[in-house]
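Trainee: Quick one: the structure is below, and I'll ask about it shortly.
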Amino acid sequence: MSEKEQQEQQNTSGNGVEKIRTMIEGFDDISHGGLPVGRTTLVSGTSGTGKTLLSLQFLFNGISFFDEPGVFVTFEESPSDIIKNAHIFGWNLQRLINEGKLFILDASPDPEGQDIVGNFDLSALIERLQYAIRKYKAKRVSIDSITAVFQQYEAVGVVRREIFRLVARLKQLNVTTIITTERSEEYGPVASFGVEEFVSDNVVIARNVLEGERRRRTIEILKLRGTTHMKGEYPFTITNDGVNIFPLGAMRLTQRSSNVRVSSGVKTLDGMCGGGFFKDSIILATGATGTGKTLLVSKFLQNGCVNNERAILFAYEESRAQLSRNAYSWGIDFEELESQGLLKIICTYPESTGLEDHLQIIKSEIAYFKPARIAIDSLSALARGVSNNAFRQFVIGVTGYAKQEEITGFFTNTTDQFMGSHSITDSHISTITDTILMLQYVEIRGEMSRAINVFKMRGSWHDKGIREYNITADGPEIQDSFRNYERIVSGSPTRVSIDEKAELSRIVRRFEDKQGSDS
């Protein structure tokens, strides 16, 4: 074990409770350093929540990162099935068994059935487990699942007593243990058969809740006795590497802020934003369908690639062929940029997987491709069929990771209203973004026009005017403000007479404001 790993492993909280790192992505963040050493943690959840995987990954990571042998006790699956299933995650358990680093104690029921004679007793199992722990010098133990024991035997009180003996012996042996158990409801009693009464040092609850039309996995640390942890539920997903928790509450606003500007790809828009977007900012273009949001995204990505910056487009509404065709009509060759290795386009249906999986895909692609710019078209597509809280957590996860990696992000959001004012706060994303571009349709003199406005821009002067916005063969063309109209945002533009003296004063004030922000 390296010196760094030893320091990580011997993580002790301020009140003296030593913790053992699980190295499960995100878990050590929400548990403030891992699980208390020498204690038993109950992991409770309904079927399909990932309890077995979590307990097995705890052992595998202990061996892989800290060279700590482990013992896995199975009351349900056979050892051969466990070894086979682990191959999905690239874990060669058989090799670890052959090397004497892992021992699987088979306590699964006999498929031929068995007759119970006399009182139920776990003495033989406890002795076998103690022998294995001492023989392999195990530091970690996982038991999956004690619910199976209760289901096999009717004497619930006797089984509780025997499980209590098992837990007490594990504590004497000073091994850190995870015990899994079933629960009947996602938001009901902690566990079936009152298990939490005798395994009460630490309790973790895994859930797999149906929200709308999609299932969403979350994990909650109910308690870690004698030490601190983060409160509440945190989303997680199961990837090719195992359990991956998104500790959104552990994110800190410590990222650096850049004063460097990057171009939007539209010269007039850069001027409206005081010289362009800030390098590590998050931009949101919101408006009805057809207002030109994807066009702005395309120009933004093209500009990055022209400056030899890598960029990724995550598209959830249009196919690759459709995006390339539309971009080509504006003079942007996506296929050529992809062939140069500067652009990557990832298209998928929002409903193809859960938000947590989409977030994991985005993070993985960013880590692999290392772009300077990313775009998501559109966030509103991902919001379909999910709760507001789940969607907000997703947006926080994406924006937080982008800022951490100092990436400029450009997101689009499609509003429900075709014309008139619309709320950009209902989607819970307006406060998270740094710059908001509001696009909308305006009816003037019996003709339909488009309007664009820099609604918000943190830390910078920006044009407050509402400008006419056309889409031409060369891309977006932003013209002058609607000077002689008011109530454009409300969808009921009214022509007003111009006071030339007042207009001149307004122009002077605008010039002075801009000069002040540039100095």
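We number each residue from 1, going along the chain as drawn.
Cβ coordinates are placed from backbone N, Cα and C, and glycine is handled just like the others.
What Swiss-Prot shows for this protein is this:
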DOMAIN    1-246  domain 'KaiC 1'
BINDING   Gly48, Thr49, Gly50, Lys51, Thr52, Leu53, Lys223, Leu224, Arg225, Thr227, His229, Thr239  ATP 1 binding site
BINDING   Thr52  Mg(2+) 1 binding site
DOMAIN    260-519  domain 'KaiC 2'
MOD_RES   Thr431  phosphothreonine
Trainee: Out of Thr52, Thr431, which of these recorded positions shows the lowest number of other CB atoms within 10 Å of its CB?
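Mentor: Lowest Cβ count within 10 Å among the recorded positions (Thr52, Thr431) is Thr431.
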Trainee: Measuring Cα to Cα, how many angstrom lie between Arg225 (ATP 1 binding site) and Thr431 (phosphothreonine)?
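Mentor: The Cα atom of Arg225 (ATP 1 binding site) is 36 Å away from the Cα atom of Thr431 (phosphothreonine).
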Trainee: Using Cβ-Cβ distances, find the residues under 8 Å from Gly50 (ATP 1 binding site) that belong to the same chain and are at least 6 apart in sequence, listing them in sequence order.
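Mentor: Set apart from Gly50 (ATP 1 binding site) by at least 6 residues yet with Cβ under 8 Å, we have Ala206, Asn208, Arg217, Phe236, Ile238, Val243.
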Trainee: Restricting to the domain 'KaiC 1' (1-246), what is the model's mean pLDDT?
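Mentor: Result for the domain 'KaiC 1' (1-246): average pLDDT 85.
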Trainee: What whole-number Å value do you get for the CA-CA distance of Thr52 (ATP 1 binding site) and Thr431 (phosphothreonine)?
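Mentor: Spelling it out, the Cα of Thr52 (ATP 1 binding site) and the Cα of Thr431 (phosphothreonine) are 39 Å apart.
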Trainee: To the nearest whole angstrom, state the Cα distance for the pair Gly48 (ATP 1 binding site) and the residue listed as 'phosphothreonine'.
Mentor: 35
Trainee: State which of the following binding-site residues has the fewest other Cβ atoms within 10 Å around its Cβ: Lys223, Arg225, His229.
Mentor: Arg225
Trainee: Measuring Cα to Cα, how many Å separate Thr431 (phosphothreonine) from His229 (ATP 1 binding site)?
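Mentor: Pair distance, Cα basis, whole Å: 27 Å.
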